[in-house]
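> Okay, handing you the structure first.
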Amino acid sequence: MTDRFELVSPYSPAGDQPAAIDKLVANFEAGLAKQTLLGVTGSGKTYTIANVVQQVQKPTLVMAPNKTLAAQLYGEFKSFFPNNAVEYFVSYYDYYQPEAYVPSSDTFIEKDSSINEHIEQMRLSATKTLLSRRDSLVVATVSAIYGLGAPEDYLSLRLILSIGEHIDQRQLIRHLTDLQYTRNEFELTRGAFRVRGEVLDVFPAESDTEALRIELFDGDIEQLTLFDPLTGETLRKLQRYTVYPKTHYATTRERTLSAVDTIKEELKERLEQLYSQNKLVEAQRLAQRTQFDLEMMAEVGFCNGIENYSRHLTGKAPGEPPPTLFDYLPPDALLVIDESHVTIPQIGAMYKGDRSRKETLVEFGFRLPSALDNRPLRFEEWEARSPRSIYVSATPGPYELRESAGEITELVVRPTGLIDPVVEIRPVGTQVDDLMSEVHERIKLGDRVLVTTLTKRMAENLTEYLGEHGIRVRYLHSDIDTVERVEIIRDLRLGKFDVLVGINLLREGLDMPEVSLVAILDADKEGFLRSTGSLIQTIGRAARNLRGKAILYADKMTRSMQAAIDETDRRREKQVEYNLEHGITPKSVARPISDIMEGAREDAAEKKAGKGRSKSRQVAEEPADYRAMGPAEIAGKLKALEQKMYQHAKDLEFEAAAQIRDQIQKLKAASLA
């Protein structure tokens, strides 16, 4: 373990990267608050940021616009910094239905959610790392601006253990229960502890693979040992260990009882208001719901929807922002906003949507007014809490350009020598037939094609039409969840189909080197989906292939089209000059086709494998030759693979399950051959 970032990479900065790294580092060390990295597709933006992190040696928070991109970034930074604390902080809900009331139909919708325990563990690990290590890099989504427990409470509750320290066993057990750990003598699970004589085993909530054994003798801590909770194997002995709370929302008994008193006062004031307005039903509803919650909090220290009382539990004043992940960041940290043209507007939108829903709940007596303070940060609050920042995008928005005040670092030259796609404009009247002939040409070359339309209906019709003409085509739309979307992109890269049709394919920002043609239908319909930024992003999807080409179907040249084409041409010229100067022959990017989400799971899967055991992800590797296996061997292998596939599905690791499913199908085919 080290307190310094150590970048591990087989290659050195090239192209525009050395100058970009030097400029970003110099600006950061000079105290510049905001700067922008304008990096084209395939220019090595992540690698450039990794070099900046290594040089500035500051705790870093990287924000991404969605879980898919966050997982990809987590995997990349994990490979760049294998010896440092790279963490993952996203929403731990697999499914979330917020509490809501629809006055028009008098319908109250109860909160309903499903929490992913593995992601919860990673969130706890992220906050612990930020509080305890300087070499911490956290990849997060917009989840970072939502309320967490106050870091002061989180720190004040922690249990610090040292060898030789005198501690009463009952006191130790009481402290663990204050941290919301549960006693379980039968099975040691995450967030639980067990007592066997003078030995206590604790499975820390933020750990996935290591449990702590506390051995006492006559009231003194004699030994602290980390061990594998699955095998019982001793991993290492320690002089000191800190146990952090099981949840970010843990608080002391005194704070809870104090909150009960202030909630009662607020309830009394609110009921007086409702009675004065003759809102008797609302008053009766609020009194009943709140009094039930108060009884639960007084008796067990918890109630369903306790987050709605967070203002009272944290001691904040009305209207004050809640504590968030940004409160866990040290003041000298570095903030990186990836795909800032998407992430920045997201941050601004979160507060307003949350506010309108909760105002209805308060108005109709389902919640106290203090529930309005359980919210994401407002945009200006987020700005005030943000440390020195770097905005990263191929198409920075007006906010980033304004805030950077001219400090824009360009990353236009690709070390691979790849030039931006050739852009052609063709008439709308024959766009579908022309597209079909282009698709057939690309299929002959073994390449893939992306097609973007303006509407869902048009995408569906085009998919159906292409399918009827024997083209293997799929359609990507907003109703498809993240996991399935990732699988579709993986299948495109694997060649299970050749054409992907969508409405807004630029949002993914994912690497697809097999795509050599991007077709933009109705490119002259000015608007959000055909703005300059959107066009540049979409054209960039073909920038990782040597034969990259973009076709814009349009009958007239719009300002957005002209600006996008001019910018693409400028970048092409700069890359061509660099290639001639350095004698570089462009090559297509060769990126292994793997599970995109594995970045956020691979580390845990490796740890689960434990010392001396094979890595759990190796089940997806294909044996050299199935034909060499006998019938009994094949039957045994099939059974083992099926068990692993179902376990991955149970753990919500759908891409890993899909990989094993493909392997099972190949094994079955081999056994029949």
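Backbone N, Cα and C atoms are what each Cβ position is placed from, and that goes for glycine too.
According to Swiss-Prot, the protein carries these features:
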DOMAIN    26-183  domain 'Helicase ATP-binding'
BINDING   Gly39, Val40, Thr41, Gly42, Ser43, Gly44, Lys45, Thr46  ATP binding site
MOTIF     92-115  motif 'Beta-hairpin'
DOMAIN    431-597  domain 'Helicase C-terminal'
REGION    601-628  region 'Disordered'
DOMAIN    635-670  domain 'UVR'
> Including all protein chains displayed, how many Cβ atoms other than that of Ser43 (ATP binding site) lie within 10 Å of its Cβ?
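A 10 Å sphere around the Cβ of Ser43 (ATP binding site) contains 27 other Cβ atoms.
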> Just to be sure I understand, if DSSP states are collapsed into helix, strand and coil, how many residues of the domain 'UVR' (635-670) fall in each?
33 helix, 0 strand, 3 coil
> What same-chain residues, at least 6 away in sequence, bring their CB to under 8 Å of the CB of Val40 (ATP binding site)?
Ala394, Leu411, Val412, Arg414, Asp420, Gly540, Ala543, Arg571
> Pick the one among the binding-site residues Gly39, Gly42 whose Cβ has the fewest other Cβ atoms within 10 Å in this structure.
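Comparing Cβ neighbours within 10 Å for the binding-site residues Gly39, Gly42, Gly42 has the fewest.
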> State which of the following binding-site residues has the fewest other Cβ atoms within 10 Å around its Cβ: Thr41, Lys45, Thr46.
Thr46
> Taking only same-chain residues 6+ apart in sequence, whose CB is under 8 Å from that of Gly44 (ATP binding site), what do you get?
Pro13, Gly15, Gln17, Leu411, Arg414, Pro415
> Under a three-state reduction of DSSP output, how is Thr46 (ATP binding site) classified: helix, strand, or coil?
helix
> Summarise the motif 'Beta-hairpin' (92-115) as counts of helix, strand and coil residues per DSSP.
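The composition, in the requested order, is 0 helix, 15 strand, 9 coil.
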